[in-house]
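Student: Quick paste from Swiss-Prot:
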BINDING   119, 143, 147  NAD(+) binding site
ACT_SITE  143  active site, proton acceptor
């Protein structure tokens, strides 16, 4: 298979690339990684080609997406708080760049599997207790609006046969390795990751805030499953809420002490930030997993296992 990953130097792009290259049931002949900084090929694998490219002005992209391209994972984006602070950059990066790629697919290879990483931020406002696949999106942030626009565009391009698109809405990913970023949800990983490394972290939200989470490894496994799904009927809705589980910040901290003891909480300071709390609180905290599980997507069993997974794979 020939596969393209945008956002290829990001945390998810790198983990997805490494996992794809190690797969036995997906044979990768050519893996192209694209980002605004030149990505690094995992393990210097000779099957990987890396390109520095700004997808707002994608000169040369039509030479990388060809008739031989089997799939594109479009992960590149600027994150929620950054898009809120700089909406013009957000619309150019998160929406117009997506349309640029879709137009190249339409011209060069309308049969390509186009997998788009969407977000819980497409929801907001007064939500039902449990989100269904039929729940309308009502974003309350610029980032969420941009993701919702992309979802509609990809579904329309899929309906018209311009691409073979699948939109996967990601739960909040926890625990991410590395450093905090500008995402409103960055604290979700930070309040676990930093204390596990013996460092201090700030929790800017209420302990009662409920979140919808998935581990990095499960999200990557679900990306690869989306690659292998049969094409959906042209007139069906090509958006899937990836499975997750519901947990409060308080429960997360309790599970952390179960794994590492009460003393680890000394590394966590509570400094309430109304802006961050309001953004994250507007996202759904419970989603009906029925359809996604029926399609074969995976879900984590509990949060303690997520902590153990981070300790095993990322420390």
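Placed from the backbone N, Cα and C atoms, the Cβ positions cover glycine too.
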Student: With DSSP assignments reduced to helix, strand and coil, which class does residue 143 (NAD(+) binding site) get?
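Tutor: Assignment for residue 143 (NAD(+) binding site) reads helix.
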Student: Taking only the residues the record lists as binding NAD(+), namely 119, 143, 147, what is the largest Cα to Cα distance between any two of them, in Å to the nearest whole number?
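Tutor: Among the residues the record ties to NAD(+), max Cα distance equals 9 Å.
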Student: Counting across all protein chains present, how many other Cβ atoms fall within 10 Å of the Cβ of residue 147 (NAD(+) binding site)?
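Tutor: 27, counting other Cβ atoms within 10 Å of residue 147 (NAD(+) binding site).
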Student: What's the number of neighbouring CB atoms sitting within 10 A of the CB on residue 119 (NAD(+) binding site)?
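Tutor: Counting Cβ neighbours of residue 119 (NAD(+) binding site) within 10 Å gives 26.
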Student: Any same-chain residues 6+ apart from residue 143 (NAD(+) binding site) with CB under 8 Å of its CB? Would you list them in sequence order, or say none?
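Tutor: Counting only residues 6 or more apart in sequence, the Cβ neighbours of residue 143 (NAD(+) binding site) under 8 Å are 78, 79, 80, 83, 84, 90, 94, 119, 121.
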